[in-house]
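Undergrad: Pulled these from TrEMBL:
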BINDING   E:ARG87, E:GLY125, E:THR126, E:ARG127  phosphate binding site
DOMAIN    E:11-141  domain 'Exoribonuclease phosphorolytic'
DOMAIN    E:159-225  domain 'Exoribonuclease phosphorolytic'
There are 6 protein chains.
Amino acid sequence: MERQDNRKATELRPIKITPGYITHPEGSVLIEMGQTKVICNASIEDRVPPFMRGQGKGWITAEYAMLPRATEQRNIRESSKGKVSGRTMEIQRLIGRALRSVVDLSKIGERTIWIDCDVIQADGGTRTASITGAYVAMVMALHQLVEKKVIKELPVIDFLAAISVGVLSDGQEVLDLNYQEDSTAAVDMNIVMTGKGEFVELQGTGEEATFNAQQLQAMLSLGEKGIHTLISQQKDTLGSITDLVH
Amino acid sequence: MERQDNRKATELRPIKITPGYITHPEGSVLIEMGQTKVICNASIEDRVPPFMRGQGKGWITAEYAMLPRATEQRNIRESSKGKVSGRTMEIQRLIGRALRSVVDLSKIGERTIWIDCDVIQADGGTRTASITGAYVAMVMALHQLVEKKVIKELPVIDFLAAISVGVLSDGQEVLDLNYQEDSTAAVDMNIVMTGKGEFVELQGTGEEATFNAQQLQAMLSLGEKGIHTLISQQKDTLGSITDLVH
Amino acid sequence: MERQDNRKATELRPIKITPGYITHPEGSVLIEMGQTKVICNASIEDRVPPFMRGQGKGWITAEYAMLPRATEQRNIRESSKGKVSGRTMEIQRLIGRALRSVVDLSKIGERTIWIDCDVIQADGGTRTASITGAYVAMVMALHQLVEKKVIKELPVIDFLAAISVGVLSDGQEVLDLNYQEDSTAAVDMNIVMTGKGEFVELQGTGEEATFNAQQLQAMLSLGEKGIHTLISQQKDTLGSITDLVH
Amino acid sequence: MERQDNRKATELRPIKITPGYITHPEGSVLIEMGQTKVICNASIEDRVPPFMRGQGKGWITAEYAMLPRATEQRNIRESSKGKVSGRTMEIQRLIGRALRSVVDLSKIGERTIWIDCDVIQADGGTRTASITGAYVAMVMALHQLVEKKVIKELPVIDFLAAISVGVLSDGQEVLDLNYQEDSTAAVDMNIVMTGKGEFVELQGTGEEATFNAQQLQAMLSLGEKGIHTLISQQKDTLGSITDLVH
Amino acid sequence: MERQDNRKATELRPIKITPGYITHPEGSVLIEMGQTKVICNASIEDRVPPFMRGQGKGWITAEYAMLPRATEQRNIRESSKGKVSGRTMEIQRLIGRALRSVVDLSKIGERTIWIDCDVIQADGGTRTASITGAYVAMVMALHQLVEKKVIKELPVIDFLAAISVGVLSDGQEVLDLNYQEDSTAAVDMNIVMTGKGEFVELQGTGEEATFNAQQLQAMLSLGEKGIHTLISQQKDTLGSITDLVH
Amino acid sequence: MERQDNRKATELRPIKITPGYITHPEGSVLIEMGQTKVICNASIEDRVPPFMRGQGKGWITAEYAMLPRATEQRNIRESSKGKVSGRTMEIQRLIGRALRSVVDLSKIGERTIWIDCDVIQADGGTRTASITGAYVAMVMALHQLVEKKVIKELPVIDFLAAISVGVLSDGQEVLDLNYQEDSTAAVDMNIVMTGKGEFVELQGTGEEATFNAQQLQAMLSLGEKGIHTLISQQKDTLGSITDLVH
């Protein structure tokens, strides 16, 4: 059975990663996965948050937001509401945690890497696209520190990408759900995986539904393939920096 | 190898569920898992939030909090800070989502079930204990609606419990981590599962570490056994109401 | 005339003070006055708020909250509202002020004693029960400092308890109002008194009513007797520590 | 012994009540008690807060604030802090409660009387001056409703004023403390009393001190005399309206 | 004397307006003025804010924000701070006011046009670029209403653009200041002008400096020329819609 | 044609500046322009905000507020709303910027001058009256520093006043609009000018209208005359201090 946008169950949407999209940040990309578009900027700050001070280690933290009209219906700005939603906080925590898992924080000194993921257009999968794009922006920013001889070597120990998989309401397991699929799916799972194929995060949710062990395996298998393709794309974007990741 | 509190890797901490702990709520339990103690109250409100109105269906929503001194170090109250933390929001959303997966919301009319999980003493696993206890409080509250003939039958389609599993820093997979284990674990996973053994939520996180497919299987297997024991305990607490769940 | 719960006008509800209710805090009690139940925790912090720094003296501050379903109707959490109500602030300020009146703050060094009073079940008189219970938790925490030889002697100069008195709508003066009485009383007065029988706080309010000098005397007399009983109970709970208060 | 400003223990500071101080409000006075100056405005709104709707009764509510430089040291504006302090909330609740005790709310229809007490210069006793001044502004506003034939008669059943009394650090009981006295007093008590000499509120606080029954009587006696003088002054200001209060 | 980026005093930076930049909004452009880049989206909502209801007229309101790393130094998100800065509010009010001056609000029914200006890269002149870009997005959104026959004709009575002018520290009057010029200028003026050459807003500020009548005239003259060029560019972008503006 | 209050188009309302209105501040005036009354207080703080530290220079900052009943309709307090409105922020920023333009901040050391403008009665022109009054309060506070020999000479380089001008709906340009005129005016302009006749701020707004170059000149000419009169009044109030301004 074909999907609404003619993709196969195992097929990703077209991916495009544009490096250097914004001028000021130390690392910046625009990542596009189909109609989903996220600006991922990485900024270096020469200090760490209070709870990390004096340990000689660095920190990575992320913020995520959507433009009000990234979506079909306009959303109220979180700055106008005066608070950040639970969904936003979950995503921010996820992005930061994922990126920290592939960086040796003891090698960047007492510095914070701020990751800003701003969704300018949304069509499902914004949190996984954010992680995949943010990884590239972060590596670019860290590489700049190497270039400037602030740190000796790139402290990135593996590649990292994220993708969504799910079970549609008809029981079909699919890769990379767009908004329409996501909003009607029975099960939704986000997988964050390294270049070596190890899990960093696994978040599966039955949306007023449940899933069994067999469906779990089918989803994990789809996800693994998607991650593989995404990491190829990251390597293309990073070019010669790719070899410094180890 | 034995665990710090002499448990086996496959062993839960002592569980105690005290029904009717607080007088006013429609459903109320104190759940204790070792030193972790959570008051779970379920309240029925005769209306639904704005986004649900006019659909003839009900809603279940959860709030979670800790007393400031539930922990070793005193925490600042979220009411004093004027905002709820990202961690709290994640847990609240998880509890609500999990409970909604086993209730037929179309059978409770336009009512909201408010779940309040208040941790009075914390020693790891507070979010999973909250789900396990909240399930019992919720069934009690819904059963009261049946008793009062407000609804015809108990709209609960399955049992539901949650447990944490993880990989310790020495590579050992264990069930039901206490605070000390949790704070040094390499991998931490929360599993929410139904009585039929289907997954509702699966949230695995490598804490500055990763995990492979084999470790994932080992953790899922441990979790399944733990859930089984917890659901037995829930049935003991609910007594004759148990048979009304289907 | 008898009261709704068969008590005499001069009769307190059954009192129970459970020491060591929560494990982590330096001092902890559950105080029950009839159906009113409050967890009172005392925590020691090794610094004082900014306005007290450099004076070589300590500070005592209190926070008060109710679980949302401590009451007949569920209340919205203050953390969700993002602000603390006027009522809560009044009570917090009262508890702190009352406790400070019987402690020699110059003898505890630059330390803060945080008092947390969390009402898990409410049936009137929560602020006075909080003071009576918090006093015991505070003395336990201070005694621990003595035991650990951090301070030389218990810096507590007197006992301290609190009780409500009031005038019912039928003109009867009564001791220790429960919720039903309190909500229909013409006059409501809270008395905080020391072991020597001196006033620390006196807060009398005509609720859309007034009271004359004679009624005031009757209420004060009732209150004094109630305080006497409460302090006996505190002494029983504190056991041998009792003699160190002077 | 004489007081720092040469007053006797039983002597009020000079009182001045200027009616019609601000043009727009339905009732407005500037009250001065020595160097303490408060603008008290009363506004009529043709609806009541949600919790009062449909009862056919009115409501009286008060807000209190200080200009940042009403005091010797500049205070941060509560609007800049984004929240109202506990002290402000206590005072606001007190003023509203006090005024409601002398108005027959069932006779003003579903209307709210907003009382705004803005301290433009502070020298102690701002909350009691606010009550005394607000009473006059409120009566003026209610009288305007009578004049406009919106209500039939003045629904004010008695006069009402407030004063502070206290015990100085040398043990002397005094009336109407200025800021210097107040900040060093051992005991501070605010009395709100009606024209008939009945208590509406009694709030006595030992400031790191206590007081006995005899001191209480001495303070009450001083307070009663002060209230008597204040009510005379209110009557002078209200002129012919005075006779409509009953 | 030449400017730091080799422009003449009377020269604008390169302008580019990309229509349809984001898919979902009714009107959307990316406007670039040199290195300043702003996404301007216009959304139609089928209701007006409370203060406008029942008048049969529409409303236009604007929100403005910067990505945290739009600037050389990363800024804290306003959603994280929980409040919108004074600068942001000023700009939002300015954009809304300016656009309302050229739309006949009585011809759009009870609808709100939400304008979102999100600066993704900043190099001076972001508020004026926002107005110039927002005008185009707004006209596109209103034109869509005409196309859908929701309204009869385009209710836009004139063109509208904005530009900054200033006096540099060396006394030179210049057009369209970039960030470096703006941050050291003695005088900064924003001009909002219609296609007919009438002023809508004039905001001139001496930055710890002043300006005389002659300098004012020189700046107004520069601004008028800049506005003329910007409006040509708007007409090119709007194509055939241009003729519907009258 | 005569104006609603019988003034000529070129006529200011009666001005009165009362120095020393409040006792505590270093500088204090009540400024009245017709029915508009603003208390302007200037306070000296012996430190500067974080962004100014270590530069050896001072800072001037302003806050502006209205009493809730300064206006015909009661406004909600900004402290109750928990945030400051956009309008208030604009005015605060304007007052601070204007005053900083005539003070040599390098001559006051690391001190902050806090300006508090509190409108107790409003009838149009509150922001311009605030600037005119605040200037006098500020000079008084700075002069006190000279008197106390904290600074050597008055660091004020010129006089400064502000006035509103506008175009009424009938096309007439007028000086000093009252509330009624302001709310129906087609164009509203605020002018801040020095004693030497140079502009500090110029803020002209077409209120759903526009204005041409000729109207601009007519308004500027009216404004200049008004400013001249206001500065005479400031000099009268400052008396011998006037000669120290240069």
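Heads up, the Cβ atoms here are built off N, Cα and C, so glycines get one too.
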Undergrad: Which of the listed binding-site residues (E:ARG87, E:ARG127) has the least company, meaning the fewest other Cβ atoms within 10 Å of its Cβ?
TA: E:ARG87
Undergrad: Which chain-mates of E:THR126 (phosphate binding site) that are at least 6 residues away have a CB under 8 A from its CB, listed by sequence?
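TA: Once residues fewer than 6 apart are set aside, E:THR126 (phosphate binding site) is near E:THR36, E:VAL38, E:TYR64, E:MET66, E:ILE91, E:VAL119.
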Undergrad: Using the residues the record lists for phosphate (E:ARG87, E:GLY125, E:THR126, E:ARG127), what whole-number Å value is the largest Cα to Cα distance?
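TA: The span, Cα to Cα at its widest, is 13 Å.
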Undergrad: Over the domain 'Exoribonuclease phosphorolytic' (E:159-225), what does the predicted model average in pLDDT?
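TA: It averages 96.
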Undergrad: Suppose the phosphate site is E:ARG87, E:GLY125, E:THR126, E:ARG127. Which further residues of the same chain have a Cβ inside 8 angstroms of that site's Cβ centroid?
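TA: Neighbours found: E:TYR64, E:ILE91, E:VAL119, E:ALA122, E:GLY124, E:THR128, E:ALA129, E:SER130.
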Undergrad: Could you tell me which three-state DSSP class E:ARG87 (phosphate binding site) falls into?
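TA: Reduced to three states, the DSSP call for E:ARG87 (phosphate binding site) is helix.
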Undergrad: Where does E:THR126 (phosphate binding site) sit by DSSP, helix, strand or coil?
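TA: DSSP assigns E:THR126 (phosphate binding site) to helix.
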Undergrad: Tell me the Cβ neighbour count for E:GLY125 (phosphate binding site), meaning other Cβ atoms within 10 Å of its Cβ, over all protein chains shown.
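TA: Here the count is 25.
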Undergrad: Could you count the residues of the domain 'Exoribonuclease phosphorolytic' (E:159-225) that DSSP puts in helix, in strand and in coil?
TA: 19 helix, 28 strand, 20 coil
Undergrad: With DSSP helix as H/G/I and strand as E/B, how many residues of the domain 'Exoribonuclease phosphorolytic' (E:11-141) fall in helix, strand and coil?
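TA: Tallying H, G and I as helix, E and B as strand, the rest coil: 41 helix, 41 strand, 49 coil.
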